[in-house]
Structure formats: structure tokens, C-alpha cells
Amino acid sequence: MAKVLVLYYSSYGHVETMAQHIAEGAKSVAGVEVTLKRVPETIPVDQARAIGVKVDQAAPVATVDELADYDAIIFGTPTRFGNMAGQMRTFLDQTGGLWMKGALVGKIGSVFASTGTQHGGQETTITSFHTTLLHHGMVIVGVPYACSGLVNMNEITGGTPYGATTLAGADGSRQPSANELDIARYQGKRVAELASKLAS
């Protein structure tokens, strides 16, 4: 049975929502075990609450060592100036031991993201994230244009061939749209299908 981990960091809940729909898509594939976890928050709880960070997320916190237990990992992060969030970077910077062992070589890696604005760095966040995954020897999976949501021109929407994305709005008030969640589910399903093939 293939094992898929959806691992995310979310400040205000947008990436959390996307992660839940990524996991839903992955769970639609028979014979795949899906786990949803998050990376640790690095901001002290009182300070996090003061700036509106959603600290009551249900997903358990992952450990670095457990990454080796999965056949595929789908990473989710908000964008920080065109890069992944510091919390995710801090977590990944602790994976040197896994790298030394080649523990992630040949496993699937995929990324989804959130930005505050329409041109807020979604694609650079995902493609710069890929650098870390490639150093680990992971096999990168994105979202092909077979996913019809990528060519939706009827609304402002996230979604890239590199991975699912959402637009939070400058004040965080915009929630992931139906189209964005469809793309997220597609990505989760695609990764799970490929992981199942690789694990068989």
C-alpha cells in the first residue's frame, strides 16, 4: 500500500484548507494511505495569536524523521516574498540526516501554495521549493493541463502547472475558491495514483 503525506504550514487557514482538499483527492485513490500533518509553528503562541495566526489547527505536528516512511509527500506553504514560509524552511533545514542516508531518493515530491495577491509569487515559491526536493533526489509531480481548472478564464483564480495555489487577498479575507479546491483535489489524486504505481 502506498503511503502519502500531505505536509503543510498555514498561518491563517488558507493552506490548511487546501491541504485538506489535497488529502481528499489522494484518499479517492484505492489502496493508498493518506496522512495529513503540519510543520511546527516557530512563532511563540502568544505572539502568533496577537497577529491572527490560526493556532488551533487539528492536524498533528510532523517530525523530520518520519518523512522517510512515505512514498510521496505533498508540501504546502504560504508565500513569503516569493519563497516558502520560514516555518517550512526551518523544518526542511533539519533534513540533512535524511539527505545523508538518501532516505527520500526516488520518492514523489509535490508542492502547493498560497499568496496574498494575484501576482504574489506563487510560481516562484513552488519552483524554488523544488530545489530542495531535487537535492533529496525526489521525483517532482505538478498539475498537468489535463486539469481543466488551470485554463479557467472566467474568474481570478490560482492554479499552476507547478502545483495548486490559492489567493488569500491582501487582508486574508478571500477563501479558496471552488476552482482552486478542484485543482487541489486533482493534485492529491494525481500524486496518489503515481505513488501507487511506484510502490507496486
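Keep in mind that glycine also has a Cβ here, set from the backbone N, Cα and C atoms.
Per Swiss-Prot, the feature domain 'Flavodoxin-like' maps to 4-191; the stated evidence is sequence analysis. Taken from Swiss-Prot, the feature FMN binding site covers 10-15, 79-81, 114-120, His135, and the record attributes it to sequence analysis. Feature annotation from Swiss-Prot assigns NAD(+) binding site to Tyr12. Annotation comment: Swiss-Prot describes Trp99 as substrate binding site.
Here the features listed in Swiss-Prot are painted onto the structure.
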residue: Ser10; record: FMN binding site; Cβ within 10 Å: 24
residue: Tyr12; record: NAD(+) binding site; Cβ within 10 Å: 18
residue: Gly13; record: FMN binding site; Cβ within 10 Å: 18
residue: Thr79; record: FMN binding site; Cβ within 10 Å: 24
residue: Trp99; record: substrate binding site; Cβ within 10 Å: 14
residue: Ser114; record: FMN binding site; Cβ within 10 Å: 31
residue: Thr117; record: FMN binding site; Cβ within 10 Å: 12
residue: Gly120; record: FMN binding site; Cβ within 10 Å: 20
Inter-residue Cα distance where the pair is the residue listed as 'NAD(+) binding site' and Thr117 (FMN binding site), in Å: 15
Rounded distance in angstrom between the Cα atoms of Ser10 (FMN binding site) and the residue listed as 'substrate binding site': 25
DSSP three-state assignment for Thr79 (FMN binding site): strand
